[in-house]
Amino acid sequence: MSSDDKHSTEHVSTEQVSLDEEKADITHIDLANNVQARIQNPLRGIPREKLLKQVERFAQEKGLEDKVDLFKRAAVLAQNPNDFESQRDLTEEEKEHIRRETTHRWHQSKSMYMTIVICSIAAAVQGWDQTGSNGANLSFPQVFNLTSESGNPRAEINQWIVGIINSGPYIGSSIIGCWLTDPLNYFLGRRGTLFWCGIFCTFSVIGSAFAQTWPQLFVCRLLLGLGMGPKATTSPVFAAENVPANIRGGLVMSWQMWTAFGIFLGFCANLALEGTGSIAWRLELGSAFLPAVPLVIGIYLCPESPRWYMKKNRYHDAFKSFSRLRNSEIQAARDMYYVHCQLVEEFAVLKGTTYASRFFDLFTVPRIRRATLASFVVMIAQQMCGINIIAFYSSTIFVEAGYTAKQALLASWGYGLVNFVFAFPAVWTIDTFGRRNLLLFTFPNMAWTLLAAGFCFFIPGSNSAKVPLIALFVFLFAAFYSPGEGPVPFTYSAEVFPLTHREMGMSWAVATCLFWAAVLSITFPRLLGAFGPTGAFGFYAGLNVAALIMIFFLLPETKQRTLEELDYVFAVPTRKHASYQLTTFLPYWVQRYVLFRKVELKPLYHFDEVVSYTTPEKGAGH
């Protein structure tokens, strides 16, 4: 264990004793097994005098004596967030800042938005990296003698090789890249990790453009995974840790929205470069370095994650970071002290001291195991829904439908535009309608649109309606995907793990997503050859239904809860959550929306004076 970790552990243990003494009369909630489904403010019930003494100790131990009065006001505010108007210690200016959190929730600091901009650029790099191969698939197999036309004795082998080349970044990410996230974040921080990713995403794609053999191209694609994996893992966490809870979903989902924009830009590049002749595929692969350059340059213009600083016991730096990310010092101090008090309890239960122990904790500590399961479900569902058969192979699919190469690229461009435009509704709905509800609404619609697109391949080629109908249903599929399974997985996975295991947990989640993306990428050319377009689309339509069932039973809602409050949500046993969905929520839904009866829903979660910027509605547990 490093000296930093030892120092941090000493402080945590000291404060745990004092907190336990002062909270002995408060109902304790087990963060490992929250059977009562209570979500509790860690400051709840502490008498004012004891709370202020606790703040004084905190300021002294963390070297923040000059801010002790500010933190006292902030602690009282954090303890009673909904009664700030009656708190006499707060100035009128401070109260106005608190009011505006509700009335002007999108009015945030420049530094906070700079964080989102940088994370959005990182996402655009991810999207562009994915689509370079989409257009290149139309020509590089011919260059490397990997064609699979009818009568070619090596057709089946070549289909597997093309799939493996396309899957290179996802193999590299899931096997190595994602698992580098924990040590990279430990030593370099969130910003340093993203700088590392920008470097690999710049030079590996340039190397792909100069490849002379398919093994060389495959190696360059593998190296791209060393940048894509930690980037996809760190960027959503970086955003989640820096933004306020009431708009966290809308901003953290910018990862998916700008990934969609990167996909669209990649299709634009493919379309623009289509007429460049024999080097088109090289330019389509190499053009992805363009958005990586501003990522490398701009990453240090935004503040480091304050929660990462607190994990390193660098509280001075954490307060400076929080102050840059919030509109006032009182908000910075309130959020920092609230996070600190929850971390004291979190560290006491969920230590995760070594790389190996943090990994095994993902499957052995009940609270973390439930987050691991939920993130697995939402991430594998992104591959089960079939979106990446379109993202990776849309040009190939449209050629199968009867398009020319240029028409296929144009149709793919249209798909990319729909994918980007329809991500915008989720900015407003992900924090109101909720992550879980977005998925439950969109998955059935993705299933029928994908099935319809598959059946359209039965239309005779002589019928002029065939190709437009296939394109229509593919576009509708993308329109349903973009506000649901598009933004939710990375937003959700970035917020469900405790700080002690956030890097490791996100590594697991993204590795899950990208591993199955690799499986999809490897198998789809052969699946298309064996089943035909209709069979392939029908197969993924069925997987949409399976994913819907998994989400209904295994995915808790996380909207508008702070990252620390989610400790209590995921301490609720999975069996209790699944039983509630089957025996309480499902009968309610049938009564309310099928039989149109006025019935009330008994909520799963019970909120005890938690920091929240909205009043928890009935049934917030769905």
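The backbone N, Cα and C atoms fix where each Cβ goes, glycine too.
Annotated features, as they stand in TrEMBL:
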| type | residues | note |
| --- | --- | --- |
| COMPBIAS | 1-13 | compositional bias 'Basic and acidic residues' |
| DOMAIN | 115-559 | domain 'Major facilitator superfamily (MFS) profile' |
| REGION | 1-21 | region 'Disordered' |
| TRANSMEM | 111-128 | transmembrane segment |
| TRANSMEM | 193-211 | transmembrane segment |
| TRANSMEM | 255-273 | transmembrane segment |
| TRANSMEM | 373-393 | transmembrane segment |
| TRANSMEM | 413-431 | transmembrane segment |
| TRANSMEM | 438-461 | transmembrane segment |
| TRANSMEM | 467-484 | transmembrane segment |
| TRANSMEM | 505-524 | transmembrane segment |
| TRANSMEM | 536-555 | transmembrane segment |
Margin query: Restricting to CB pairs under 8 Å, which listed stretch, 255-273, 373-393, 413-431, is in contact most with the transmembrane segment (467-484)?
Written below: 413-431
Check: Counting Cβ pairs under 8 Å that sit 6 or more residues apart, are there three or more between the transmembrane segment (536-555) and the transmembrane segment (438-461)?
Finding: yes
Checklist line | Interface check, the transmembrane segment (255-273) with the transmembrane segment (438-461), three or more C-beta pairs under 8 A | finding: no
Margin query: Need a quick answer: max count of Cβ pairs under 8 Å to the transmembrane segment (111-128), which of 193-211, 373-393, 413-431, 438-461 is it?
Written below: 193-211
Next item on the list: Within the domain 'Major facilitator superfamily (MFS) profile' (115-559) only, compute the mean pLDDT.
Entry: 88
Next item on the list: Flag the pair the transmembrane segment (505-524) / the transmembrane segment (373-393) as in contact if three or more Cβ pairs fall under 8 Å (sequence separation 6 or more).
Entry: yes
Margin query: Please report, as numbers and ranges, the same-chain residues at least 6 past the borders of the transmembrane segment (438-461) whose CB is under 8 Å from any CB of it.
Written below: 378, 381, 385-386, 400-402, 426, 429-430, 469-470, 473-474, 476-477, 480-481, 483-485, 488, 532-538, 540-542, 544-545, 547-548, 551-552, 555
